[in-house]
């Protein structure tokens, strides 16, 4: 084992792990904490482990073949199934990007104290395209360092919320390692399914299989290929462990502070703290429902305005980083499935426009307080698209004709 080698292979796994920290994930986390307390942490743990195994297969495909998943699909499949797969993955990318752009726009709205409307935040996030092009021009390592900075910001901001709220550690450990959900019903089951849909992103398999190609590997040397697979797997383990800890921060904060709270409880606290957002919560005894926007408001009411702004900074970092990796995914998918050879600027502009246009319409005709239903719908969309990514990656990595001596035996 060599730390020097591990550092050389470090980067693709952290870019891949951004998909485990996008605003859709954060919203799923906080809702599961508010609805089920600590009881669904084991679902988050299992989903992350399954995600790690799938990412390992996707990375192995890229390392061994020198082709990413979309390119292998183009080579192995006939035209009709190839087009169907491409359309399904594009749907997943658009749905994911909508969550990410809207998450960024909500964060901008919170940071500006409501002065910048949702559609204005969406327009601001379009600048991601130019940031992406600027950073990518100076090399992938610079881009990887930038994403590392954004992950650090998320860890610090959500870690601050965790320290402020001080969740019960005994309940945390029980929720993680006891696969049981006492007194759970339909709402908790829906959140459990939502966690899986939010954590395992279909297009992330395509992204990871492409990112590993950025490292030079002599594929004629089996030992070198085996080493690359080993170090990429170690890096993926580290990256997903960091993302898992950040997700734990969010779930446990809302499980400790807002599980079984009613709208009246929150209304009174917000009114007493002179919050301008107290009207968001009707003064009744219905169970509190939170999303990314209301979650920040509630934290501000209970723990001070600093908690609200730090929450918004974390959401902004999550949204900005995941929109850029979504753009990367769209670039690789379109390039691989359609065998296009466009300029980088044209590819990025097209893939970003496909996702941003429907998001902008939603932002114009929908206010910031009523987007939870759309987020739930998009998580369902992710779940429906998942098989269209899993079937190719599981199939190809088990074929000796594709993977040679590195085919998995499952």
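Positions of Cβ are set from backbone N, Cα and C atoms, glycine also.
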Per TrEMBL, the range holding transmembrane segment, considering 2-20, 59-77, 116-134
116-134
Contact between the transmembrane segment (297-318) and the transmembrane segment (192-211) (at least 3 Cβ pairs under 8 Å, separation 6+)
no
Under 8 Å for C-beta pairs, could you tell me which stretch among 31-54, 84-110, 192-211, 377-396 has the largest tally with the transmembrane segment (232-255)?
31-54
Criterion met for the transmembrane segment (377-396) and the transmembrane segment (146-163) (at least three Cβ pairs under 8 Å):
no
Long-range neighbours of the transmembrane segment (31-54), counting only residues six or more past its ends (CB under 8 A):
20, 167-168, 171-172, 174-182, 184, 187-188, 191-192, 194-196, 199-200, 205, 236-237, 240, 243-244, 247-248, 250-256, 258-261, 287-291, 372, 390, 393
